[in-house]
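Asks: Feature annotation from TrEMBL assigns active site, proton acceptor to ASP140. Residues annotated as ATP binding site in TrEMBL: GLY23, ARG84, CYS85, GLY114, ASP115, GLY116, SER117. If you look up TrEMBL, you'll see ARG33, SER34, VAL35, THR36, ARG37, ARG167, GLY198, ALA199, GLU200 marked as ADP binding site. If you look up TrEMBL, you'll see ASP115 marked as Mg(2+) binding site. Taken from TrEMBL, the feature substrate binding site covers THR138, ILE139, ASP140, ARG175, MET182, GLY183, ARG184, GLU236, HIS264, ILE265, GLN266, ARG267. Summarising the annotation, TrEMBL assigns domain 'Phosphofructokinase' to 16-289.
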Amino acid sequence: MYRLPDLKKNTRINAIAVMTSGGDSPGMNPAIRSVTRAALNQGIRVFGINRGYSGLIIGDFTELKSGDVSNIVQRGGTILKSDRCEAFKDPAVRHQAGEILKEHHIGGLIVIGGDGSLTGAHLLTHETGIPVIGLPGTIDNDIYGTEDTIGFDTALNTALEAIDKIRDTAISHERIFLVEVMGRNSGHIASQVGVACGAEMIIVPEIDFKLEALCFSLASQRAEGHGSSGIIVVAEGPRPGLTYRLANQLEAQGEKPGVCILGHIQRGGRPTGHDRVLASCLGAASVTYLLAGFTDVMIGMIDSKITATPLLDIMEKRKPLNPQLVELAQLLHK
Ligand code: ADP
Ligand code: F6P
């Protein structure tokens, strides 16, 4: 059971702002709805900042009323739009952003985004004194301080639906398919998708792998009578083209692998029930923490409890990948 925080209000905030930043994720809309309505219910005005930090630094704000967040709980993407804003890495630009928030009498900001966006959030509150609370919004699930990020569960299920279909073709044609999922620096999506789709093998940036071992494993599976078809789930990794490079090398060893890059379909779509509940709980809790005087923290969920983790920890610590999932996939498909 999710338990919402029971904290006393001890600030005099009259208006807050909310924004989405970095790669969009399914569940950002229910989070915006929850932040907006939780604040409005306390008599606090809410401003939506359009296009993340790009909108913040030019004062592109829209006041949100309850009706503005109607019928968005089920929608993917973000009604506030999202962006990547290189200029925000400049301290002078962040100073200007602080001045703009003060001019609008905004007493607190809620930033929904991935680790980059949360880094910007930490620097903004640290340098300007404006209270800022972060929410983990990314499909990658690579954020310390929360078991799940908003959007991860939907991305996992989107990838699974696609892979189940690819599996049909792999079986019909007795072929191996390499399926690439998102995750530049982390294999959280790949490891969970891999176990859930019954992958023969999972390749993630956190764990070294040897192509020879992969070929040997495929050959011995065939010799044992299993594995005329198969799915290998590959996290995209830091250098583009990994999956095609792997396919070329497997071809050189006599395999005929198919390649499917799932790409941005993983970022879209209706949020799952899990993501909607998570986003709604964390959104409302972020307002509670802000009004109780907290700043410079991210609100996450650990063991079904809502927790506040310093943004500095989010920047400095990595959520470890569970290597057992990678091993489990290999064990279970035999
Ligand atoms: P995500 O939030 O999904 O991890 P990015 O890493 O692209 O996505 O970051 C989103 C935005 O957050 C960047 O475009 C930039 O505006 C801001 N940001 C990222 N890193 C920093 C940083 N070191 N300092 C200030 N702002 C940053
Ligand atoms: O937001 C994170 C992420 O989905 C990564 O998994 C992926 O590498 C990246 O965004 C791709 O983003 P874009 O194509 O928008 O730059």
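Backbone N, Cα and C define each Cβ position, glycine as well.
TrEMBL: automatically predicted annotations, no manual curation.
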Asks: Max Cα distance spanning GLY23, ARG84, CYS85, GLY114, ASP115, GLY116, SER117 (ATP binders), Å?
Replies: 14
Asks: Near ligand 1, which of the binding-site residues GLY23, ARG184, GLN266 are found, taking a Cβ distance under 6 A to any of its atoms?
Replies: GLY23
Asks: What are the non-local neighbours of THR138 (substrate binding site), defined as same-chain residues 6+ apart in sequence with CB under 8 A from its CB?
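Replies: Residues satisfying the criterion: GLY22, GLY23, SER25, GLY113, GLY114, ASP115, THR149, ILE150, GLY151, PHE152.
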Asks: Which whole-number value in Å describes the distance between the Cα atoms of VAL35 (ADP binding site) and SER117 (ATP binding site)?
Replies: 18
Asks: When you look at THR138, ILE139, ASP140, ARG175, MET182, GLY183, ARG184, GLU236, HIS264, ILE265, GLN266, ARG267, which the record names as binding substrate, what is the longest CA to CA distance in angstrom?
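Replies: Comparing all Cα pairs, the maximum is 33 Å.
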Asks: For a quick check of understanding: given the listed ADP-binding residues ARG33, SER34, VAL35, THR36, ARG37, ARG167, GLY198, ALA199, GLU200, what is the maximum Cα-Cα distance in angstrom, as an integer?
Replies: 45
Asks: Where among the binding-site residues VAL35, CYS85, MET182 do you find the Cβ with the fewest other Cβ atoms within 10 Å?
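Replies: Counting other Cβ atoms within 10 Å of each of the binding-site residues VAL35, CYS85, MET182 gives the minimum at CYS85.
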Asks: Enumerate the residues of the same chain, GLY23, ARG84, CYS85, GLY114, ASP115, GLY116, SER117 excluded, that satisfy the criterion Cβ within 8 A of the mean position of the Cβ atoms of the recorded ATP site; list them in sequence order.
Replies: SER21, GLY22, GLY52, GLY113, GLY120, THR138
Asks: Taking a cut-off of under 6 Å between Cβ and any atom of ligand 2, tell me which of the recorded positions GLY23, ARG84, THR138, ASP140, ARG184 pass.
Replies: GLY23, THR138, ASP140, ARG184
Asks: How far is it from GLU200 (ADP binding site) to MET182 (substrate binding site), counting Cα to Cα, in Å?
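Replies: Taking the Cα atoms only, GLU200 (ADP binding site) lies 18 Å from MET182 (substrate binding site).
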Asks: What's the number of neighbouring CB atoms sitting within 10 A of the CB on HIS264 (substrate binding site)?
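Replies: Summing over all protein chains shown, HIS264 (substrate binding site) has 10 other Cβ atoms within 10 Å.
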Asks: Between CYS85 (ATP binding site) and ARG184 (substrate binding site), what C-alpha distance do you get in Å?
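Replies: Distance (Cα to Cα, whole Å): 19 Å.
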Asks: Roughly how many Å lie between the Cα atoms of SER117 (ATP binding site) and the residue listed as 'active site, proton acceptor', rounded to a whole value?
Replies: 14
Asks: Which one of these binding-site residues has the most other Cβ atoms within 10 Å of its own Cβ: GLY23, GLY114, GLY116, GLY198?
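Replies: Going through GLY23, GLY114, GLY116, GLY198 one by one, the largest Cβ count within 10 Å is at GLY114.
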Asks: Which of the recorded positions ARG37, ARG84, GLY116, ASP140 has its Cα closest in space to the Cα of GLN266 (substrate binding site)?
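Replies: With Cα distances computed to GLN266 (substrate binding site), the winner among ARG37, ARG84, GLY116, ASP140 is ASP140.
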